[in-house]
Structure formats: C-alpha cells, structure tokens
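Per TrEMBL, the features are:
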ACT_SITE  His72  active site
ACT_SITE  Asn145  active site
BINDING   Arg69, Arg109, Phe158, Arg355, Tyr359, Arg366  heme binding site
COMPBIAS  1-19  compositional bias 'Basic and acidic residues'
DOMAIN    25-413  domain 'Catalase core'
REGION    1-42  region 'Disordered'
Amino acid sequence: MQPERDAKDRQLDEHRVPLDDLNMTTDQGTRVDDTDNSLKAGTRGPTLMEDFHFREKITRFDHERIPERVVHARGSGAYGVFELYEPLGEYTSAAFLNDTSVKTPTFVRFSTVAGFRGSADTVRDVRGFATKFYTTQGNFDLVGNNFPVFFIQDGIKFPDFVHAVKPEPHNEIPQAQSAHDTFWDFVQLQPESLHMVMWLMSDRAIPRSYRMMQGFGVHTFRLVNAQGQGTFVKWHWRPKLGTYSLVWDEVLRVQGNDPDFNRRDLWEAIERGAYPEYELCVQLVPESREHDFDFDLLDATKIIPEEQVPLRPIGKMTLIRNPQNFHAETEQVAFHTANLVPGIDFTNDPLLQARNFSYLDTQLLRLGGPNFPQIPINRPIAPVRNDQRDGFHQHLIHESRTSYAPNSISGGCPAAMDGYRHYQEKVEGSKIRKRSPSFEDHYSQATLFWNSMADWEKRHIVAAFLFELGHVERKHIKEAMVVHCGKIHPDLGAAVAQGLGLPAPGGGQVHSNASPALSMTGQPRSVATRKIAILMADGTDAAAVTAFRQALEGQGAICEIVAPHEGEVGGLPVDRQLSAANSVIYDAVVATDGGALAASARAVFFVLEAFRHGKAVGAVGSGRQLLEAARLPNDTGVIVGDDIASAFAEAVAGHRFYDRDVSGVPA
Ligand code: HDD
C-alpha cells in the first residue's frame, strides 16, 4: 500500500521537475537544436565563442560538485513519518510530542564518518543517524550516531580527532579506515576516547543494514514543559528488526562485491514496500537526580545504563519514500543540532555546545551561502518570516517594505512573540579552560561495555583490536594501547598483548558491573527482508525449489536463484549467475542441486564462505551433495532434508551462528 502524502511531500511538488516535455532547452528556456556538435567556423574550424549552448553546458558541468561533508561524507537518505504513542505534556511543550493524531514528516540521512563520498559502505566506522522532523513549529534535527557515546568530551578536540582518523596527510592513505598510526596515536594519548573505541572495535561498527542499527542522540538534552520545568533526556532509536551486524571477514569482501551494500539495502527495502521502522525511546532524568550518577550527565563519553534509567518508547518512525534526486535531497540536506522547537533544549555538554556552532558554519561553506535553508529539502513546513535578507541565491521575493525591527511601516511585522524560549538555567563561574573533575574517569564504562559482552562479542573485539593495531607501524603506540586495554580489563589486555607479541600488561583492579542491554544477543528475530541465495542448476527439481521459496517468501524473506548461467533453470528464472554472485551479499544459502554444483569450485566456495561467516546453510534434495563436496561439518545452522523450510527460516531469523569453529574452513 502506498503511504499517504504528507505536508513535506506536497511542499516538494513545487520544486519537482517531471520529465513531461521532451524538448531540450537552455537554462534560459530557449529550445536547443543540436547538443552533439559545437558551433564551429567550418566543419574543421575552431569553436566559436558565441556558442552559448556549448559554454553554458560546459560551465554547468564544471560547477557540478560541491564540497563533500568534512565528516559523514558518504550517506543515504530516506523520507519517513513519525507517529507519537502518547502525549508527553508532562515533560515537553513540543507540539509534535503532544498530539498523537499528528504524523510528522521526517528525512533521515545515514552515513559513515571517516570515508570520502565515494568510499565503501561496509567499513569499520561509526554510522550517522540524522533525522530532520518537519514539525508544525519548525524543524527539529536529531543529529545522532549509532553509538551512544563519542570519542571526545569537548568539541574543541573535534578537529584533532577528525584529522587523526582521516587518511594521513602525506599520502592520503588509508581511505575510510581507523587502522593506521595517527588514529591510534590520538587514542593512546586521549584516553577519554577509550569507551567509544570499545564500541568501534565491536560489531556495532559494521552494521548488517541501516535498517538494523540503533540510533542515539548521544548528549543529554533537555525537555521543557509549558510551565518551564526541565527534564534531562537521552534519545534512542530502536530498529524494529533488531540490531544486527556483519562479521569482519565478510565486511572486507563486501567492499569489493558491493561497495553500496548498505545504501542498496535501504533503497531496495523501501522500493519493495518493506518500510524500515524505528521506535523512538527516551531516558528521562528529573533535574533533582542530576548528580545521582557516578558519571557526569554532561559527559558525552558516558551512557546512562538502561538498567539504571529504563527506556520509554514514545513513538515510531517509518521510512516510506526514497529520494528522487540524490544531490538535491540527500547531498543538500543540512542538519544542525541547534535546529530546535519549543519544548526541547540543550544542556551544557561542551561537545554539544561546540556542535551548535559547527553545523551552521559548515553549511555556509558547503551549500554556498546563508540561503541554504531555502533549498527544498531544508525548508520547514512551518511558515518562515523574518528580516533576514539577501545573500547569494536568495529565492524568495520579500514584498515587505521593511526588513528591520522594530518598525511602524509594516505594522511592526514580523513580530517576535510567543516563540522559542530558552530554558532559564542558572549559571555562574569564572572563565576557565578546564574540564570538570567529574569528567576524569575514562575506564569504568569501557570496562562496563567489555563486561556486558557475550563471549563471541569479546572474541570479535579482540580480533578487531588485533587487526587495527596490526596495521599500526609504530611500536610505542601498540605498547601504549596494550596498557590501556589492560586497564579496561586484564583479559582484553592479555589477549591483545598476546596477539601483538608484547608482554601482558600488569593487571589492575576492575569492576565487574555489567549492563546486559549493551550486548547484541537476544535481538528480535525475523526472517523478513533477509536475503537468501538458492543455488540451482539445470536438472534441479524445480517443484521442490518453488515450495521452499514460497514458504520463505511467505514470511517476507527475499529469495534469489543463483545458477551457473542466466536465463532459466528448471523453468525458473535465474536472478544471478554464479560468477556474478557472492555469498557475502546474502544472509543465508540453500543448495538444491548436487550434480553440477558439487563439481563447481565456485559453488563449493560459495557455501563454505557462507558457513565461515556464520550463516544458515541449507540443502534440499540432492543439494546435500554440494555440502558434502564442500566437506561442511555438521554444525549448528546447517540444515539438510527435504522439508527444511521452517527450520531454515528459524535459523535465518537467528542471524548468525557465532560459535561455529571456522578456523579450518578454507574460504
Ligand atoms: Fe557531527 C556531520 C553526528 C560531533 C561537526 N555529525 C554530522 C553528521 C552526523 C553527526 C550524523 C552527518 C549529518 C548528515 O547526514 O548530513 N557529530 C555527530 C555526533 C556527534 C558529533 C552524534 C557527537 C555526539 N560533529 C561533532 C562535533 C563537531 C561536529 C563535536 C564539531 C565541533 N558534524 C560536524 C560538521 C558536520 C557533521 C562538521 C559535517 C557535515 C555537516 O556537519 O553537516 O559540522
């Protein structure tokens, strides 16, 4: 079913250019007669200056690029709609958080952080999760990430951090990687980043899909009710499909097989009508409890464990529409942490305070001047009236004879009244360049994260440290990191030291607290939208394949027939030929033919690789011969038989079998 059209969608109609006129024109609307030959003095003569069409065409081409975002350059966008579950008037006066009948249009941009615009999607990195709510009171931007903490505590360190993680300055290597000296040099000298680094080394940094990752506002913000009372709030997005990740070895291979893996996944899901859903949850902390924690609420390197302050679901966002033009919408969207509506305010988190400067500043450069809020994707659905004027690319014709306040000529309009009121927080202090002592503990929550991980998650974290530090050239950086790891947990320190061939760090005392909510175990399970490769060949029993396929597709899975050639096999259309397919772009694989495929090294590799990455591997009918040819151990998640559809679906819904021993699997 097509989602309803909302106010933002209708507003964009005035800017859309349909392909309803087949005649080409210049930018001035003059019909073009020939766009293949420049105007020349004779067929072999020089091009003439007066060829205005040639000059316009080339000039426009020369100016097509705008600066990519200095961070989060690679991203994908989608339109959505936010629906509130229950009015929150007790905490906030924000209209869109008070009226459950209102459907608020949104635009979301997911992104990686470090890579350039053309880098691969599946890299070890933080993912941006930025949401623009087009509310009736103006735009509210929730510019978050898929980790709940950040690398630094004070925004003045942001250029240092970004310079360290970006490619190194002398040779611009490596692209979209933290596995290099300058990043780890920064980390070893700036231990406030360690908690975030634990998230970065975990599988959270390699999400299976933008549809299967959480989002966090990170900072403590403030809700303010109609009486002017404040409540601290942390924002969380929780994907309905659960939070799932790829495995590292797979990530490396997806980069080559489909660098657009996450982007394509989001696009295709929305095109297919499998609209991604995220629940918006809040952690609410009364102001009276501000100092009740063993960390500072203003410190963005800390979470409030869910066990201490539970998550309260307040609404749901559904992504319902793909953009129509990447540049116009996804590239030109401009987020800003200071785009707020009445009822939502900041705290003094020094990272947030810095962001409130940086985002406006960066858009001025990136989008070429102060009128970027008039770009269609950025326009609020609320009316815009003020005395701000002129500048490059002004699109509006202000009819008013005045552009100042107060005025008597325009009846005093536009008048500033009944608008956004900043929370009246009492502040006092001496001007000082110093952090609060309450920001000093950099290890406790890194330890909390480690303690909360399942065994497989711990193994992956250790492997990630070893991969990353294995790419570091300078020994003193590795040594320092081993010491930090030991302070986070002696087990982590010992494992990393062992892999790096360094002495185990001295064991310190660490706490044993855990926050089970931090582990990715126990996620909602569903086979819906999971992609399954059905390996088939000429001669496969098509009826069995069709029955299997229908059973899986009936539950929302996406099945693709992969066969040695295009066209048809057994009367069924082939989706991909084997030489153009790879197991890493699927969630699971089922073999349905034994003969031809068992003799194909590529098919054998296909199932071995899927097995190695912990995926469900099935065999129907003679398909078991392929599994035998691959010498697959009879392990968990390997499902063989003639009626395996429901057992296989159950295995796929469980995502991965992380406890398989794959050390001897040659793929
Ligand atoms: Fe930032 C982009 C998220 C700290 C400065 N940031 C950007 C985007 C996201 C975040 C999701 C991409 C928005 C989009 O899709 O267009 N940033 C965060 C989070 C942070 C954070 C969750 C910490 C909690 N950022 C941060 C700091 C600064 C910036 C401390 C500077 C002091 N961020 C920027 C920026 C960017 C940006 C330079 C680049 C492009 C843009 O803003 O629009 O201004």
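Note: Cβ is positioned from N, Cα and C throughout, glycine not excepted.
Note: TrEMBL annotation is automatic and uncurated.
Sequence features annotated in TrEMBL and their locations in the structure.
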residue : record            : Cβ contacts under 8 Å, 6 or more apart
Arg69   : heme binding site : Gly75, Ser111, Arg117, Thr362, Arg366
His72   : active site       : Arg109, Ser111, Thr112, Val113, Gly128, Ala130
Asn145  : active site       : Val113, Val126, Arg127, Gly128, Phe129, Gly215, Phe216, Val218
Phe158  : heme binding site : Ile152, Ala354, Ser358
Arg355  : heme binding site : Val143, Gly155, Thr337, Ala338
Tyr359  : heme binding site : Val143, Ala334, Phe335, His336, Thr337, Ala338
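The number of other Cβ atoms within 10 Å of the Cβ belonging to Arg109 (heme binding site), over all protein chains shown, comes to 24.
Classification of Arg355 (heme binding site) by DSSP places it within a helix. The local packing around Arg366 (heme binding site), expressed as other Cβ atoms within 10 Å of its Cβ over all shown chains, amounts to 16. Under the DSSP three-state reduction, Arg109 (heme binding site) is assigned to strand. Put simply, the two farthest-apart Cα atoms among Arg69, Arg109, Phe158, Arg355, Tyr359, Arg366, the recorded binders of heme, are 21 Å from each other.
According to DSSP, Arg366 (heme binding site) sits within a helical segment.
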